[in-house]
Structures are given as C-alpha cells and as structure tokens.
Amino acid sequence: MNNTISPGEVLKVIKERIENFDNQVKSDSVGEVISIKDGIALIYGLEKAKFGEVVVFANGITGIVLGLDCDTASVVVFGDERSVGEGDTAKCTGKLMDVPVGLELLGRVVDALGNPIDGAGSIDSKTRLPVEIKAPGIIARQSVTEPLQTGIKIIDMLIPIGRGQRELIIGDRKTGKTAIAIDTIINQKAHNDVVSEKEKVYCIYVAIGQKNSSVARIVDKLRVSGALEYTIVVAAGASDTVSFQYLAPYAACAMGEFFRDNGMHCLIVYDDLSKHAVAYRQMSLLLRRPPGREAYPGDVFFLHSRLLERAAKMSDKEGGGSLTALPIIETQAGDVSAYVPTNVISITDGQIFLESEIFYKGLRPAVNVGLSVSRVGSAAQTKSVKKVAGSVKLSLAQYRELEDFAKFGSDIDVHSQKVLDRGRRMMELLKQKQYSPLSVPEQVAVIFAGTSGCLDGVSVSDISRFEEMLLKELNENYPDVLSSILNNFTDDVKDLLLEIIGKVTSNFE
C-alpha cells in the first residue's frame, strides 16, 4: 500500500489554504485608565475616540466620552466607579449610546440605560434607538391640531394643551407640579380604553433626582389606577450617579420617539429639569469646563433645547404621530427670572405657573391663570370647549382686579358686586381634587353652569356639593346629553343643560 503524498496534492492544499486565508486585521482603540474620581475616568491612549462614543471597561461597565484632549479622553462612567481602577483597560466600541425601545417596555420601571429595576424580569425588546438624535425639521412637522386632555378643568378650559406641544409646569416646591402631570397620565386611561392601538396616548414618566420612596409611591398610584399598563417609568433617583441623572431624559425621549415615529401618540413628563441642570452642572465642573452664570456651563440652554425640540406633531407624510412634553421646573421663592427657568420658558410653547400663595389659600390646582399661557394649544380645543371657556379668562381677570380694590373696603356698585360674586363661584368651580380627572363634556357642563349665571343663587360653600350632584345627575340620567356636548354644543343642548342645572340648583334654594 503506497502512503506517499504527491507534490501535486501538497501544492493543491497550499493553494486552497492561501485562497481561503482571512488576512483581515481587527483594529481596536484601547486605552488605559490613569485616574478616576467622582464618576469621571481619565483615559490615556484612546486616540480614535469620538465625542459621545460609548467606552467599555475591562469589567464590562460602560461610559461615554464627554471630553477630548490631545492625548487623554474624559469618560463619564455609568455604574459603580469603585469597580474601575487605575491601570484598567478601556476600549472604544465605535457606537453611540442607545437604549431599548418598544411596546415591551410598557408597564415597566427602568433605569437610564433601559435596564429593568422593578424586579419583574428582563425586557425582551427587539429595537434599540440612540439617546441623542437630531430633532425633526420644519418640513417633517405640522401644526398642533389635536387636543391632549389633562382631565383638569382649569387647564383644559383656560390653558389647553395639544398633541405635540411642549408645555412647562413651573412653580415652587410642594405646589402640585407632579400632581398635575400624574393626573394627566391617569386621565389618558378613559381615552385609551375606547380607541385603537394607533390612537392610544402612551405615557413616559421620567424621575430625575427624585427620592426613591416618591417614585415608588407614583408607580403604585399608576398601577392602582390602571395607568401603568400604558406607561413607562424611567427613574434616575437621588442616590444614582449624576451620569444617570444626566442621561435619563434623553433615554426616555428616545423611547417616546419610537411611538412618535411609528404614527402613535406619546406624552412624556420630565420631573424635573431643574435637577437635570444641576446634575449637568456638577458633571461639567468635574470635566473642568469653564463655569458661567450661576456656575452653569455655557451650553446649558442647548442641554434642554435639544431635548425639548424632539417633541413634535409629525406631518401626515411622516406618519402623523406626536410626542408631547410636559417638562417640570422648580423655582425658588417664585423667582421665574432665574437662569434655568427663563431658558426653559423660552424653549417651550407655554407654561402653567403654580403659586404657593394660591396653594395655601386652598385653591388647588394652584394655577395662576394670569401668568399661565398656552401659545398653540387653543388651536386644538374642541368647539364646545371654545364656546364655554372663551369668556372665563376675562371674567377671572376682572374678578381679581375688583377683589384687590374691594380689600380697601370702599363702596362697590351693583355691577361690580355681581362680578365679584360670580368670580368667587367660578374660582370654587375650578377647584379639583387630585386623582379625579373629568371628561371634556363633564368639564363643559360644570363651567357652563358658572358662566350662565345659574349659580348666582347658590352659596359659595355649596358649590362643590352642587358640582358633585350635577355630575351624578348627568352620568346617571342624561348620558346622551354628555355625548351631545362632546359632538356639538347646540342651542338645543344648551337649553336642555340649563334645565338640568336648574333642577339641581333647586336643591340649594
């Protein structure tokens, strides 16, 4: 038996090996940690690093490049900095920071990286989107035309919000800012229960620098009210590093853009951007960027403008989806002229201004109607709301003016006294308990009772009881009237509503 191998066979094997030889050399940009403190790692050797690029450390923790010098890169660490030490290797990934997005995140509580923190298992999301993305251009947008109902009378009637709008909620601490945002999320349930998946309003609540106990309480309230099923909660608590607090709103916005860009509707609440600006200031100072006014870096305006500009009502060509933003700003002693508040006021399409003085008077929601404005929302109001709410703002302004005058104890003529009496009743009508949103027809019926003069004979102390009785009467005995108000508030419907209001007011004579 001949076991010799011919030179031809050897040559054939060598040729095959040469042809199939993969000579690709993989090039990695690898550096070494030369110092780490306060969540900032200084890395030497990342010559090909780009601004905003994701870096992976030897132990698997990620970071993002936010500073580049001639031979070093400053990387903000996402995670426990104690597990990163001097001499550790760090590698560029060539990718920008992205997060999981999609319907799979609904009903879950996640951190700024999209990792679940609610103990309910992993999230099987098939799509990821970058956290930083350019806002839609002018051509890709359309005007705000659809209303976003909050369920709060004073807002839906006087400071209406439309889908795709950015409406700032601003006020001192403990004046009910978060309460308005949570009520708005809860109010979407009634709408979502009766419409298709495409028409639902999905919600995202972003907690930035909040106490974990406060976030847990909000999540529990959303769960009890049935709102968590269409809501994503993104939490970067006070105990989390500033890097997570900085990233959270951008990550949440990317999650919201998934709905917007797929022809769906989304509401996002940033609670709050004051703490976000403080986190960014701390990070910028650690990165040795030059401080400006109030020690904020020079690009603090761009910090929020590039975030809020991503909220938009898309054109029909782009799917017609929307992303509505409700940023929250906390003021100090009612000072709206401070640096960050004025920045965000100039970026948004209006503001709901909450005042401590009004809050302590028991007028809640504590909205200052005179200082609050919605620049584009009125175009989205329904016809029935416009008919009823048109005169309310003017009559309240007249009431406030006369109220200040009446404090001097001067004699007041009959007409002025009538304005004062009706104004007091209207202020009482605009009060609303937390977690008790009203539908649009219910709001129209209640406000119409005040503007029509039907309550002139009802004492101010009985107004809240009258409201309860009117809503009970309408829901139990006249549901067709409520649906008529929603569709078209004709004179016939008005007459029937006046009859029902008269029937209820007769109990207070």
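Keep in mind that glycine also has a Cβ here, set from the backbone N, Cα and C atoms.
Taking a C-beta cut-off of under 8 Å and a sequence gap of six or more, Thr178 (ATP binding site) has these contacts in its own chain: Ile218, Asp271, Ile328. Among the features that Swiss-Prot reports, ATP binding site is placed at Gly171, Asp172, Arg173, Lys174, Thr175, Gly176, Lys177, Thr178, with the record citing sequence analysis.
Counting Cβ atoms from all protein chains shown, Ser372 (site 'Required for activity') has 22 others lying within 10 Å of its own Cβ. The site 'Required for activity' annotation in Swiss-Prot covers Ser372.
Cβ neighbour count for Lys177 (ATP binding site) (all protein chains, 10 Å cutoff from its Cβ): 26.
Taking the mean position of the Cβ atoms of Gly171, Asp172, Arg173, Lys174, Thr175, Gly176, Lys177, Thr178 as the ATP site, the remaining residues of that chain whose Cβ falls within 8 Å of it are Glu330, Leu354, Ser356, Phe359, Ala366. Cβ-based crowding with a 10 Å cutoff singles out Gly171 as the top-ranked of the binding-site residues Gly171, Lys174. Annotation note: Thr178 (ATP binding site) sits in a helical segment as assigned by DSSP. Across the structure, Gly171 (ATP binding site) and Ser372 (site 'Required for activity') place their CA atoms 11 angstrom apart. Cβ neighbour count for Thr175 (ATP binding site) (all protein chains, 10 Å cutoff from its Cβ): 26.
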